[in-house]
Amino acid sequence: MEPSSPQDEGLRKKQPKKPVPEILPRPPRALFCLTLQNPLRKACISVVEWKPFETIILLTIFANCVALAVYLPMPEDDNNTLNLGLEKLEYFFLIVFSIEAAMKIIAYGFLFHQDAYLRSGWNVLDFIIVFLGVFTAILEQVNIIQTNTAPMSSKGAGLDVKALRAFRVLRPLRLVSGVPSLQVVLNSIFKAMLPLFHIALLVLFMVIIYAIIGLELFKGKMHKTCYFIGTDIVATVENEKPSPCARTGSGRPCTINGSECRGGWPGPNHGITHFDNFGFSMLTVYQCISMEGWTDVLYWVNDAIGNEWPWIYFVTLILLGSFFILNLVLGVLSGEFTKEREKAKSRGTFQKLREKQQLEEDLRGYMSWITQGEVMDVDDLREGKLSLDEGGSDTESLYEIEGLNKIIQFIRHWRQWNRVFRWKCHDLVKSKVFYWLVILIVALNTLSIASEHHNQPLWLTHLQDVANRVLLALFTIEMLMKMYGLGLRQYFMSIFNRFDCFVVCSGILEILLVESGAMTPLGISVLRCIRLLRLFKITKYWTSLSNLVASLLNSIRSIASLLLLLFLFMIIFALLGMQLFGGRYDFEDTEVRRSNFDNFPQALISVFQVLTGEDWNSVMYNGIMAYGGPSYPGVLVCIYFIILFVCGNYILLNVFLAIAVDNLAEAESLTSAQKAKAEERKRRKMSRGLPDKSEEERSTMTKKLEQKPKGEGIPTTAKLKIDEFESNVNEVKDPYPSADFPGDDEEDEPEIPASPRPRPLAELQLKEKAVPIPEASSFFIFSPTNKIRVLCHRIVNATWFTNFILLFILLSSAALAAEDPIRADSMRNQILEYFDYVFTAVFTVEIVLKMTTYGAFLHKGSFCRNYFNILDLLVVAVSLISMGLESSAISVVKILRVLRVLRPLRAINRAKGLKHVVQCVFVAIRTIGNIVLVTTLLQFMFACIGVQLFKGKFYSCNDLSKMTEEECRGYYYIYKDGDPTQIELRPRQWIHNDFHFDNVLSAMMSLFTVSTFEGWPQLLYKAIDSNEEDTGPVYNNRVEMAIFFIIYIILIAFFMMNIFVGFVIVTFQEQGETEYKNCELDKNQRQCVQYALKARPLRCYIPKNPYQYQVWYVVTSSYFEYLMFALIMLNTICLGMQHYNQSEQMNHISDILNVAFTIIFTLEMILKLIAFKPRGYFGDPWNVFDFLIVIGSIIDVILSEIDTLLASSGGLYCLGGGCGNVDPDESARISSAFFRLFRVMRLIKLLSRAEGVRTLLWTFIKSFQALPYVALLIVMLFFIYAVIGMQMFGKIAMVDGTQINRNNNFQTFPQAVLLLFRCATGEAWQEILLACSYGKRCDPESDYAPGEEYACGTNFAYYYFISFYMLCAFLIINLFVAVIMDNFDYLTRDWSILGPHHLDEFKAIWAEYDPEAKGRIKHLDVVTLLRRIQPPLGFGKFCPHRVACKRLVGMNMPLNSDGTVTFNATLFALVRTALKIKTEGNFEQANEELRAIIKKIWKRTSMKLLDQVIPPIGDDEVTVGKFYATFLIQEHFRKFMKRQEEYYGYRPKKDTVQIQAGLRTIEEEAAPEIHRAISGDLTAEEELERAMVEAAMEEGIFRRTGGLFGQVDNFLERTNSLPPVMANQRPLQFAEMEMEELESPVFLEDFPQNPGTHPLARANTNNANANVAYGNSSHRNSPVFSSIRYERELLEEAGRPVTREGPFSQPCSVSGVNSRSHVDKLERQMSQRRMPKGQVPPSPCQLSQEKHPVHEEGKGPRSWSTETSDSESFEERVPRNSAHKCTAPATTMLIQEALVRGGLDSLAADANFVMATGQALADACQMEPEEVEVAATELLKRESPKGGAMPREP
């Protein structure tokens, strides 16, 4: 084989990878010596590409994994025979892998060829693993030899080998390279790495900031605890971990007798959790962010320093860290996932078709699964076409041949009879009745299974047994009937039927086995539960549900590969864990650590536990302790756990969610598409039914139909993104498809969107319209015109009244929160009771007024017809009743008192924004219904299986040696802490676990807690130890039970719960979109347009005072920025270096450094104040932030100085002398530590520097703005639950060692809220639930009845906590996620699509051209401005000049009369062209449509602004587009003429052919398509430019550099010596700009030019008088004309004939002699001006009227000098005789045609414009109009026979 040609290689690269490799073109040589003909290499190639070889290798890898898993790690490096055997086997694997690697290297070459071995990432991984294996083996041998030679050598020599051995665990990764679907999931995860990296930075940043704050605030506070006096024994209560204490202040005092608080304790968690130095501080903070064990840390800090303010630190940490930043991960992953899928989708129509078929197949498969193979057509049956089996037709043909025969006739009769019977049977099976019968049987089956429970009576067991057999028989009959009716082949086509058959057969098998006594009845009874899956049959008649299930099954596919990846990941970490921790989890204390790594199954369970994040921190603490505690080697262990937790919990588990959200959106669109089809059908029927009605009537009917779903409030119809629509609507491949919703044109949009989404709520005005008085009379007395009623109406609808009531609602809520739950008769409660009377009175009056106004409930629009009003009425009624029932039964009053909590809900009716969020939540709950159903079904199924497996098995005795209840009596001894001297006698108790599986309900409860990931390991180990019914546990009795829990967790917790979350997110997103349903702009377009309309230019302050300017120059330079950046980093490092117990010297150094940094930052502030002046300085929020920090730091320095001065008397706080023995460590007063925070805050300044992080922050703040109403709703939820909690659970006594304790209780309102916040983060909420249930001890101060000391708490706790947890976990947190995913979609969006985050750059760069923020710049600055902005918004600096001009033609922004463009108009035009908003079709019409859309969405947009960005029709605006279009046409014509001149060496006068060719060039080249690069050959143009330079030099004339395309720097020259280029730019950029900005390929940048640049500067004046002299009165005052007048005077002075040229006057110059002085002046000027390298003067026939700066007052340093004659350069004109009157028709036609070709129809239609262009054309090329006309006529004549197709230039 010869080496492949480069073409082949190119092709090969393009082709997608196929799983089966085609024969790759192999490198001719491998390893420099082996050619393709070499027999060894041939053999290797054939082996490596032999399919079984791959399989063998995969199997070997698998075997190796098994071997690694079987290995038993032991403490102290002990070994057993199995392990030694495995060590030997290891060599075998090593040899196999080495051979494989060697063969592949020989076959493919090692490194240097394109397809060499090491060029594939997976091969690199393989190679490293094999290499390390071989290396380890060699080292081991060396070690053995060493030990033999030197027997005394230490054991340490083997250590390095052990470390290397750990690399073996990577071998399972090689499976990935064998399984393609895994690579897809991995790829999308890798793709997300970049945005994830930004988030990781943000998280790291947060962790660092919080760690340093923690270090400053809590350093050394955690080292005191209660010791018994005189001993080192820590004093604790039973069940309580030791915790810090405080001698004084509000920390925890030592209450146990004989104990004292003193230091010397290592700290909580054996000294791992503390803030004593930066490292541990970071670990602690990270643990808090993961929301595991954060409350423990908070409680320890509270115990140490009091609970007044530490909660602020922790709650903000959780809110920012966990809820916000970590949810970003989800946003990014789901974005990436969707993007990957979109990519896959857009890979072509074929793919699309395939996918469509796939979806249909899935659905069909699923439907048939449910409908038992509904494939046969009933008509076919009736005609008797059904063949019994394949052979049917053959028999018939046989019968025809052989003639009639008795047997055959019998067979025929029998078959006919059979056919009829089967047909009847088939009909029966398919009938609704049969279906419902089966459903009924399934329901009975479900009942019989669900009724099983522990200790059930015998008769029930007997009944269940009988029922089981009867039902089994019924199911068997059903199965046989189906088989008969449908035929076997048809029956087994449906998956559901196969499944059914399997269940029935297993049931029969079970009965046979049990009857014959071959097995115990339990084992297989799990199969009975699988029957419950039949419940899914219900979905057949429930489309949305069936779609949901179809989408679930669909996503199971994508999830299968993810599960495989997850499993691989777990295996690797489990094996690594065994290598690291195997056999090491044996500690001094007697407690057994269940989550360990001592064998493979256990290691897998531990890894899985860390993945779910439940209690992962305790597993980590054990790991650290196993390696000697919180000292050097031990701490490194946390790296393993953190990597495992991050990769597993954040990345892999979020991919689950991403897949779920993605598939759900699909399911939604399926459902809505079906709905749409149904609508369509209805519509068709209606239009069929109305043949005689007029069109209008019909359309109104359909309109009504369309509005109908709206009334029902179905939220799902918002997304109709189904393939059919895509194919119809977006035929043109539009890269930005607009969110078009076909068929919905209702105009009755609600004023306010029904969504929690922000934008609208922020913008729309929440005006409440007064409801008119209803027609009917109220209370049968007051007629609508009654004076009293009218007065009531006026009062009720007054804003002051609403606000007054709102105020009272707030006050009454506050009163509820202030009540004392324990002492009912306290003074406070009595006062509050009087207030209560007042509130009730006010609310009653309000309701009476409203009822008087609107009537009670008998007619439409009356008071009680509104749900919110009924709520009001209920609340008031409850208050009134409870006042009346003071004396009677306490329980009733108690319930009524609790109901008062609903008062805050009345605010919902008053605040509109809140009302919409609430409605949205309700909509979400309604749509979630289906998912809840599916989840509940699955949960129920698992609960039934759990009952079968574990009923009655969760009992135990506290004396572990006793196994049954009978034995568990009397007393037993216990040794405290394993110390034989401390003996205690305890009574034995037979304990039932709190969560158990004794009946279906408690099983569902237990499983629910498992699905929230709380406390599931405890339950799991209980299940693993479970033994027989009613006996105690046996350690690790049934490890296989873990499978049940793991499957449940994966299916329910990972999958269903995520789908749940996904559903909420999708619903919210849709709700947000509904209100924009008909506005044709998608979300991104809306945001960008909104930005463009609302943005205002920034002021860019440049001082005039030279000294101040120097300071400003320094402060704004990038070097200064970098210096400050470095200083902040240094400051951070210094802060991080502090630690507990540091030396005096260290203290001294850190104080000095602090002072130094404070001084430096103060200096920075002073310099900036000087540079920007206070007004400019405080205009920037970052500066304000800096200012506050500096002030705080100064206070901090002063305080610490005073403190050191007063150190002798005990520091600052002992000035009063009352200090005595205060320990400064314990003071929780906001001491100097508070001011120390300012040191840390400097860090935050770093955020303003990093680009990616800054964008993140920007979006962050945007999503905060989006949350106000959501936040309000959350506050309300917490408030209501907290008050209920205080009423219901406030009396429970606080007992240390239980969950209701000093830190966690319902006794005050703040405590209750904190407890609820803890539940919302899921911290052991199920423990709190149990601690609040009935039978708890009451608080001694509460008023319980005698004998009811243990009657506190209530079983209402179950409903309370579960409802709260569900609301929080599923709705509230998801609101966060939804808002975040909404705002952060830009992170993963294609960056080439313009988004709102790109638009800030425009503001910043505009400010440099418009430092005064006037909002206008010269239109010639626009090109340079846009070339400085990077795409997608600008053109970027590499955009060739002509392309930039062509783009400007397309943008078409309005040009003001003074030649400037406005800020908003420019930005709007940019956004509009970049996002293709209404750019197609008729331009004026598009403009009108866009105006209408803007008016509709942003109702408050001022008309002035709107006219500025989109000029109204009929406003004959000059636009930048027209301007540049003229330019391009002239430019090309000139170019062509120049080429002609070069060619002939002189100027051809009347050669029409040539001129026609020239015009043709114009047509071709003036087209403004953006995507076309510079037309024509670049090299030709360069030559042309060179020729032009030479020509110019010969003539000895230097023309004005620039014109349109050069550097118009002469107008920028200022009196100072700065290079002219930079009139308005930051001096710092000079150096860079000279080269970079001036190097576009052909032309150079144009810099700001003067307003009168172009003949079109005022095209909206009447062009009919274009031939009138410039002196015409209508023009006299325009700046352009003043400039021309000025020029004329100058010319006259110079003694030169006046050229009559002005914007619209014809340039018929009178010939004259050029004065010598002028040439001198030009030459002088030329020598003065440095010409940048490569700059060329423009072409000789440049259109060049002299343009002059107009002096604008107030421009400050920017106004240009009009006095200096230096800044003029003149152009000589070739004499010309006649002034032409107007453009001739042929030229007009030609120009129009050229414009149309270029896509500028709107300009072609503009007669004035065409005329001006014609004039400019003749003018520019110094030709007679007649010459142009002749050429044009000739050209058009030639064109016409060809049908107008203009020939291209040859």
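Just so you know, glycine gets a Cβ as well, placed from its N, Cα and C.
The membrane topology recorded in Swiss-Prot places His426 on the side opposite to Gln1311. Glu292 is the only one of Glu292, Glu308, Glu1341 that Swiss-Prot places in the Ca(2+) site (with Glu614, Glu1014). Between the listed ranges 893-911, 1805-1823, Swiss-Prot ties the annotation transmembrane segment to 893-911.
Looking up Ser177, Ser544, Ser1575 in Swiss-Prot for phosphoserine, the annotated residue turns out to be Ser1575. Among Ser727, Ser956, Ser1617, the residue that Swiss-Prot annotates as phosphoserine is Ser1617. Note on Ser346, Ser387, Ser393, Ser1143: Swiss-Prot annotates phosphoserine at Ser393; no matching annotation appears for the rest, which is not proof of its absence. When Cβ distances are compared across the two stretches, the intramembrane segment (280-301) makes no contact with the intramembrane segment (1001-1021), since fewer than 3 pairs at least 6 residues apart fall below 8 angstroms. Within its own chain, the topological domain 'Extracellular' (624-633) is flanked in space by residues 270-272, 280, 581, 584-585, 587, which lie at least six positions past its ends and keep a Cβ under 8 Å from the stretch.
With a cut-off of 8 Å between Cβ atoms, the residues of this chain six or more beyond the topological domain 'Cytoplasmic' (851-866) that come close are 771, 773-779, 782, 788-789, 792-793, 796, 873. Long-range contacts of the topological domain 'Extracellular' (1022-1038) within the same chain, counting only residues at least 6 positions beyond its ends with a Cβ under 8 Å from a Cβ of the stretch, are 454, 949-957, 960, 962-965, 968, 993, 1044-1045. Averaged across the topological domain 'Extracellular' (1022-1038), the predicted model reaches a pLDDT of 91. Secondary structure of the topological domain 'Extracellular' (1022-1038) per DSSP (helix as H, G, I; strand as E, B; remaining residues coil): 4 helix, 1 strand, 12 coil. Remote same-chain residues near the topological domain 'Extracellular' (1141-1148) are listed as 220, 276 (criterion: CB distance under 8 Å, separation of at least six residues from the stretch ends). Counting only same-chain residues 6+ beyond the ends of the topological domain 'Extracellular' (1290-1311), those with a CB under 8 A from a CB of the stretch are 237-240, 252, 295, 298-299, 302-303, 307, 817-818, 821-822, 1282-1283, 1318, 1324, 1327-1328, 1330-1332, 1336-1340, 1342, 1344, 1352-1353.
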